[in-house]
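Heads up, the thing below is written out as structure tokens.
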């Protein structure tokens, strides 16, 4: 825990909760009559409102992207390596906005929050929201903050999908799009992994059809299994081999079916347990479905080039060589479509052994490329 914050940290930060009374029409045909969005901001908005950067989070992310909530906080925000003075998203230059998306479980309206119409927890009654719905809610957030146009919209993985959707839904409101370790839509294999994780959650006897909070229980076992499955896909075989190999946790093999004998088993159980204590099961189902549903080209005859013909932003795409969940080939699909649509695009494939989670890590070549692009953005 820091007693003095590093010079390149944004330091102590406080979340804000913004309430919206205007109904939000959703892709599903349902609507939210009112909702809350929790945000954090770093840096200062300039007089012309031209230096604003939106951070879009991935599946388990939230608004706390940088800095510390208290001097007792053990770890900084989830993208602290990239946000702060002198970092790729330099808060001396940019005004940075990070939020917890609708359907999340970190303060924004979602399954774990109170339904104002009933006075009870939403649970399974919270409507499905999509990437497009998130972008519409983020546009309202921009309006509330007095931001007509983002200097950049930035995100990795599911966050990259939101950044891409911004350029399609609101082309005139985005000058630069940074889409990192992402894809134009999920592959069948990716959807399959998400379905296995959902079934693990749904099969927990304490899930209770999504109304577990009313009964004062948590479907920890199912959520733990779901996270264990997901976490494997975020790491590369090389990274897991280097970190764990076949190292034993015990002194020797016990030759039974129940012992935790390998370090990798212990690690996965720890990750699953930790996740199950802080994340909402209904939110997990919603987030994985939002991933599955994302397919902006579907509305344009599955033609990604035609989908991107109307975008006005300049693009930066980055991928990682050992990411098999969102492989470099998926980023190149977007790059090729942008080139065919005659748009400005930069692309870097970074040699990194960490797999999909590399976009969250302080890899020198990644940070250098990230900084190089952000430094060229005029405000």
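Using the three backbone atoms N, Cα and C, a Cβ is placed for every residue, glycine included.
According to Swiss-Prot, the domain 'AB hydrolase-1' annotation covers 51-360.
Taking a C-beta cut-off of under 8 Å and a sequence gap of six or more, residue 157 (active site, nucleophile) has these contacts in its own chain: 58, 59, 180, 181, 182, 326, 356, 359. The active site, nucleophile feature in Swiss-Prot is assigned to 157.
Swiss-Prot lists 227, 357 with the feature substrate binding site. Every protein chain shown contributes to the tally, and the Cβ of residue 357 (substrate binding site) ends up with 21 other Cβ atoms within 10 Å. DSSP classifies residue 357 (substrate binding site) as helix under the three-state reduction.
Among the features that Swiss-Prot reports, active site is placed at 323 (among others). For residue 323 (active site), the Cβ neighbour count at a 10 Å cut-off comes to 27, with all displayed protein chains included.
According to its DSSP assignment, residue 325 (site 'Important for acyl-CoA specificity') is coil. Over all protein chains present, the Cβ of residue 325 (site 'Important for acyl-CoA specificity') has 22 other Cβ atoms lying within 10 Å. Positions annotated as site 'Important for acyl-CoA specificity' by Swiss-Prot, on the basis of sequence analysis: 325.
The active site feature in Swiss-Prot is assigned to 356 (among others); the stated evidence is sequence analysis. Of all Cβ atoms in the shown protein chains, 23 besides its own fall within 10 Å of the Cβ of residue 356 (active site).
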Give the sequence-ordered list of residues that share a chain with residue 227 (substrate binding site), lie 6 or more positions from it, and have CB atoms under 8 Å from its CB.
-> 197, 271, 272, 275, 276, 279
Residue 227 (substrate binding site) in three-state DSSP notation | helix
Rounded inter-Cα distance in Å - residue 323 (active site), residue 357 (substrate binding site) | 8
Cα distance (Å, whole number) from residue 325 (site 'Important for acyl-CoA specificity') to residue 357 (substrate binding site) = 10
